[in-house]
Amino acid sequence: MGKKRKHSETTQAVAQPKKEEAAPERPARTLLGWKDKNQVEDDSPIFRNKEKLLVTCSRRINYRYRHLMLNLVTLLPHCKKDNKVESKETKGATLNELVELKNCSSCLFFECRKHKDLYLWMAKCPNGPSVKFLVSAVHTMEELKLTGNHLQGSRPILTFSANFEKDAHWKLLKEMLLQIFETPKDHRKAKPFHDHVFVFSIVDDHIWFRNYQISAHHNESDKLPRGGLDKMTLIEVGPRFCLNPIKIFGGSFGGPTLYENPLYVSPNQIRALEKKKKSGKLAKKVKAKTRRKMHEMSNPLEPDEFADMWKD
């Protein structure tokens, strides 16, 4: 039989006050993931990039633009798709709510107008900034049929032209493109190596996007040394598109205007000018017809002496 516990030990055990069982404090959330306060105070270099991207589009989108969106979804393993959103004035609040529900930090919204014009909203949620682009020169992977090919889910290398360091708004756009298109290192759907390159270059104040495969021709016995870039080649995969920045806003899908492109001309104005040119052609034809009639009236033909010869 076991020994009985003494009365003094039982009283000491009862007399000890219970510790307050409170829930641990929730860590602070940043744009790129969660950070512990202890880690912030210790200045530890360990930080996981937990960037998540929401990709969606507006209703009544064209099939070519929908294929472009699906191409980008296949290229970005850290993105999430959602249902179509109605393109209204309240789309900003709806998209911010969707981003929060999907636990994302960025959003790409493809907005189609008049079944012709495609606008791309690129936003950091919920505090901004956000950019509105006009998308042109769209070529999807299905249209191009290029020979390049890379593994789905592999992490891309992002390259930018030297023009991005020229002005402040280009620097802001470079940082946003870097955060949105860069795949996190430890993402569960990403492959832990690089075999393709995203190229962003500025030509005529437009951002041109290209996707290339990194190809290295070698056998198993003859492997490339580290830094052997002269033996590597780039093969284009697709898709292609061009981004014309319209406005940069301070908030998410709205807010104060930080930058406005002075060289931007809307597609409606371009179509109106073309219509005026066509209407000018018709006016020229009418004027030429009236001038010809006036000339015939002022210069009548002489009567022909043989005109009545065969009437009898």
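Yeah, the Cβs are placed from backbone N, Cα and C, and that goes for glycine too.
All annotation found in TrEMBL is predicted automatically rather than curated by experts.
So that you can see what the record holds, here are the features copied from TrEMBL:
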type     : residues : note
REGION   : 1-29     : region 'Disordered'
COMPBIAS : 17-29    : compositional bias 'Basic and acidic residues'
DOMAIN   : 51-254   : domain 'Brix'
REGION   : 276-312  : region 'Disordered'
COMPBIAS : 276-294  : compositional bias 'Basic residues'
COMPBIAS : 302-312  : compositional bias 'Acidic residues'
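Helix, strand and coil counts under DSSP for the region 'Disordered' (276-312) come to 23 helix, 0 strand, 14 coil. Mean pLDDT, taken over the domain 'Brix' (51-254), works out to 90 on the 0 to 100 scale.
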